[in-house]
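Here is what Swiss-Prot records for this protein:
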BINDING   Val22, Asp23, Phe24, Asn25, Gln37, Arg38, Ser61, His62, Gly64, Leu120, Arg121, His168, Arg169  (2R)-3-phosphoglycerate binding site
BINDING   Gly212, Gly236, Phe341  ADP binding site
BINDING   Gly212, Asp217, Gly236, Gly336, Phe341  CDP binding site
BINDING   Ala213, Lys214, Lys218, Gly237, Gly311, Glu342  AMP binding site
BINDING   Ala213, Lys218, Gly237, Gly311, Glu342, Asp373, Thr374  ATP binding site
BINDING   Ala213, Asp217, Asp373  Mg(2+) binding site
Amino acid sequence: MGLRKLSIANVDLKDKRVLMRVDFNVPMKDGKVTNTQRIVGASPTIKYALDKGAKSIVLMSHLGGRVGNKVARYSLNPVGEEVSKLLGKPVKFLPDCVGPETTEGMCQSSAGSVFLLENLRFHVEEEGKGVSPTGEKIKATPEQVKAFSENLTKLGDVYLNDAFGTAHRAHASMVGCRLTQRACGFLMDKELTYFSKLLDQPQHPFLAIIGGAKVSDKIQLIKNMLDKVDELIITGGMAFTFLKKLHNMKIGKSLYDEPGAAIVDEWMQLAKSKNVKIHLPVDFITGDKFAEDANTGTATVEPGIRDTHMGLDGGPKTMEEFCKVISRAKTIVWNGPMGVFEMEKFAGGTKAAMDAVVAATTKGVTNNNGGGDTATCCPKWKTEAQVSHVSTGVGASLELLEGKQLPGILALSDA
């Protein structure tokens, strides 16, 4: 899939109605936004469109999971207040995203007006399926989805997409707005630029760090990475499946993925055939339970982890070796932490890896830190500005790394 798409910087926005898909799926508590990071992320694109003389900007987003009907707690109205504060100008909230009330609400607007539509997922047509007010599963017909998409399209002259986090979803607002110019906002453009560097033009040695609980969750990712990388670190809970399968290691109460174990030998043979060097942990920090107050211990591959304990982090020898591997890489993809970094007793391995990636970044190494847990590591240690890129889309970034086609990107105009 080509990642070179039309950028907002190459679109004439003067006197145009700009229809912009954003990701304002923000955390809420008691009707208030508790984290504005995603709103802040979209603001450069919104401000740029205003500066370039856009007639109006129509913002559309989802909030919450699959809905299919109007649910008060998922209203985007409180988000509009935060957007207004950030822009320093009024943002008119519209109580629906399509229909006569929406179009009438935009009439007689002054130049540079900003509108925020109500939650797209209040309409079952956005995702194609949802839940009725009485709790029954419902589906939209293709004709209904098409009509919904066309009604959204009528609200703009130019379509911008800055919602990388939903780029892997073939939802109406992502793929159905068939305006002549369909461009990336700055946030989307940044994501695509970094992934293009990583996947199409990587500098070598190219290293992938892949963690997570289950091997079976990362099958497609590992398979695709083996075609691209020079070295691969297998870490986190999934490492125990490799170690038990390959070395008959005693892993105690550690995670073991039986379905994933069935393909470990095949992967090792594939890696060997492609001259990819695989690195696995050699020692561990263990705990007698999955809890902050666990009694800790240490273990090595031989004699293994005792029956009462589980491996919850990489040990010092492991991290010394992994950091050496990181230090010689020129391109790094990191998807999955070294251990249970949310618990301080088991955060040392991930922190050591983060420090090594930060050090590599200062030397010009391109790196992408994606996956929900890995992306969370950066705010924990305040390293967002010290690494090349922290992806804003967990599912979207994983599917790109897996080599999949993303509907929301395919729908954009080519550069």
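Keep in mind that glycine also has a Cβ here, set from the backbone N, Cα and C atoms.
Model, not experiment: these values are computed from the prediction.
Annotated features, which come from Swiss-Prot, shown on the structure.
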residue: Phe24; record: (2R)-3-phosphoglycerate binding site; Cβ contacts under 8 Å, 6 or more apart: Arg38, Ile39, Ala42, Leu59, Ser61, His62, Leu63, Leu76, Val79, Val83
residue: Gly64; record: (2R)-3-phosphoglycerate binding site; Cβ contacts under 8 Å, 6 or more apart: Asn25, Val71, Arg73, Tyr74, Asn119, Arg121
residue: Arg169; record: (2R)-3-phosphoglycerate binding site; Cβ contacts under 8 Å, 6 or more apart: Glu127, Pro407, Gly408
residue: Ala213; record: AMP binding site; Cβ contacts under 8 Å, 6 or more apart: Gly236, Gly237, Met238, Leu255, Asp257
residue: Lys214; record: AMP binding site; Cβ contacts under 8 Å, 6 or more apart: Gly237, Met238, Thr241, Leu255, Asp257, Gly260
residue: Asp217; record: CDP binding site; Cβ contacts under 8 Å, 6 or more apart: Met238
residue: Asp373; record: ATP binding site; Cβ contacts under 8 Å, 6 or more apart: Gly211, Gly212, Gly336, Pro337, Phe341
residue: Thr374; record: ATP binding site; Cβ contacts under 8 Å, 6 or more apart: Gly211, Trp334, Asn335, Gly336, Pro337
When a 10 Å sphere is centred on the Cβ of Val22 ((2R)-3-phosphoglycerate binding site), how many other Cβ atoms does it contain?
28
Number of Cβ atoms other than its own within 10 Å, given for Gly237 (AMP binding site):
22
Rounded to a whole angstrom, what is the C-alpha distance between Val22 ((2R)-3-phosphoglycerate binding site) and Glu342 (AMP binding site)?
29
Where the record says Ala213, Lys214, Lys218, Gly237, Gly311, Glu342 bind AMP, what is the longest distance in Å from one Cα to another among those residues?
21
Give me the sequence-ordered set of same-chain residues, not including Gly212, Gly236, Phe341, with a C-beta within 8 angstroms of the centroid of the ADP site's C-beta atoms.
Gly211, Ala213, Thr235, Gly237, Gly336, Pro337, Met338, Gly339, Val340, Thr350, Asp373, Thr374
For Gln37 ((2R)-3-phosphoglycerate binding site): intrachain residues, at least 6 apart, with Cβ closer than 8 Å:
Val26
In DSSP terms, helix, strand or coil for Gly311 (AMP binding site)?
strand
Binding residues Gly212, Asp217, Gly236, Gly336, Phe341 (CDP) - maximum C-alpha distance in whole Å:
20
